[in-house]
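Chemist: Shown below is the structure under consideration.
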Amino acid sequence: MQIKENKQLCLISLGCSKNLVDSEVMLGKLYNYTLTNDAKSADVILINTCGFIESAKQESIQTILNAAKDKKRGAILIASGCLSERYKDEIKELIPEVDIFTGVGDYDKIDIMIAKKQNQFSEQVFLSEHYNARIITGSSVHAYVKISEGCNQKCSFCAIPSFKGKLQSRELNSILKEVENLALKGYKDMTFIAQDSSSFLYDKGQKDGLIQLISAIDKQQALKSARILYLYPSSTTLELIGAIESSPIFQNYFDMPIQHISDSMLKKMRRNSSQAHHLKLLDAMKQVKESFIRSTIIVGHPEENEGEFEELSAFLDEFQFDRLNIFAFSAEENTHAYSLEKVPKKTINARIKALNKIALKHQNHSFKALLNKPIKALVENKEGEYFYKARDLRWAPEVDGEILINDSALTTPLQPGHYTIVPSVFKDNILLAKVLSPF
């Protein structure tokens, strides 16, 4: 379908990087629109929502209501994604300001929905393939690649399988074709993502799917650097850690949300793993040269007692994660933990405050360990008038930190790409660095 080129589109992509990939697929279908950040001037306002936890749901709803208030006469307001999917039976009545609702199954049909001005909810969850055109946002050198959708885990607190369905892995060849296509356009750094990346190809009867992917990307030699997000402990193996360590392309980056360390809490959370398995994996990751380890913790899950929390706190202080996300338990419908007796909010807040102090201490230590050492980094774009924005190659975009390079020290402008840099100052959670050379 051809769309008039003078029409403007305002896209607001909420939530995770997996959501962003779906947003980029929709942009690929709406390529003839002119993108704008001004919702008031847009002919179409497209909000790709998040429905993971309560705070994300509230952000999505408020964003929709703000857009409804701002939109001009005749403009179309669309709410797509997880919130729409999760509450598709009631959301049309709850938010009548929206013109079109669609869930997680029809991102590649967004142009048709706009043309017909109709809602659409397909049963099958959409999984982006190499033939789905995407308009990559935010970088000219980095892209996300989604390797699977859905999840077969049965965590007590997580509603994702209820609206994203069972694990659905892409074919390896499709991923390789997408990587090749993006690399030819200059995207030489990629982050591979899924709800449960380490279970890639489990649904096709293959337990070493992620190892196969790493090996194939290494042989393809289309990329300079890559990393994997969202390893699940029970499907992560020492062999997988070894494959990442030995890869010339995949960075020694380990993002494995453990959620807790106490055996009794892991059982209550239905994590299908144990403290011993967690420790075996984490110790192996720490033994990898120049490894970078990120994790996620949930505080205040029903029935978390003081002893279990103290065990978690002591472990986090001892292990010293490079980065740590700490979430308060969010009671979600259609989960096992929803009806269990809750930990008081006051207790949860106090526990989070204590863990945040530990996390910040070790995060700062991780930053300072880079000072006055040459590191490999990706320079992505200009940050304001005087600085270039960069990140350590081991870091994931947006979440792990920021490095700024002062352009006054440069003889020629920097092009986005791979450079060796030396951080020299750490202040306000930002590293300042100088460039040595490209590589």
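Cβ atoms here come from the backbone N, Cα and C positions, even for glycine.
Not my notes, these are from Swiss-Prot:
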BINDING   Cys16, Cys50, Cys82  [4Fe-4S] cluster 1 binding site
BINDING   Cys151, Cys155, Cys158  [4Fe-4S] cluster 2 binding site
DOMAIN    7-119  domain 'MTTase N-terminal'
DOMAIN    137-368  domain 'Radical SAM core'
Chemist: Which secondary structure state does DSSP assign to Cys50 ([4Fe-4S] cluster 1 binding site), in the simple three-class scheme?
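Modeler: In three-state terms, Cys50 ([4Fe-4S] cluster 1 binding site) counts as coil.
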Chemist: I'm checking region-level scores; what's the whole-number mean pLDDT for the domain 'MTTase N-terminal' (7-119)?
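Modeler: Mean pLDDT for the domain 'MTTase N-terminal' (7-119): 95.
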Chemist: Given a separation of at least six residues and a C-beta threshold under 8 Å, show me what packs close to Cys16 ([4Fe-4S] cluster 1 binding site) in the same chain.
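Modeler: Same-chain residues close to Cys16 ([4Fe-4S] cluster 1 binding site) (Cβ under 8 Å, separated by 6 or more) are Cys50, Phe52, Ile193.
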Chemist: Give the residue from the binding-site residues Cys50, Cys82, Cys151 that has the most other Cβ atoms within 10 Å of its Cβ, counting over every protein chain displayed.
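Modeler: Answer returned by the neighbour count: Cys82.
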Chemist: Output the one of Cys155, Cys158 that, of all these binding-site residues, has the highest number of other Cβ atoms within 10 Å of its Cβ.
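Modeler: Of the binding-site residues Cys155, Cys158, the highest Cβ count within 10 Å belongs to Cys158.
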Chemist: Around the [4Fe-4S] cluster 1 site formed by Cys16, Cys50, Cys82, which additional residues qualify by having Cβ within 8 Å of the site's Cβ center?
Modeler: Leu14, Gly15, Lys18, Asn19, Thr49, Gly51, Phe52, Ala56, Gly81, Leu83
Chemist: Where does Cys82 ([4Fe-4S] cluster 1 binding site) sit in the DSSP three-state scheme?
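Modeler: For Cys82 ([4Fe-4S] cluster 1 binding site) - judged by DSSP and reduced to three states - the answer is helix.
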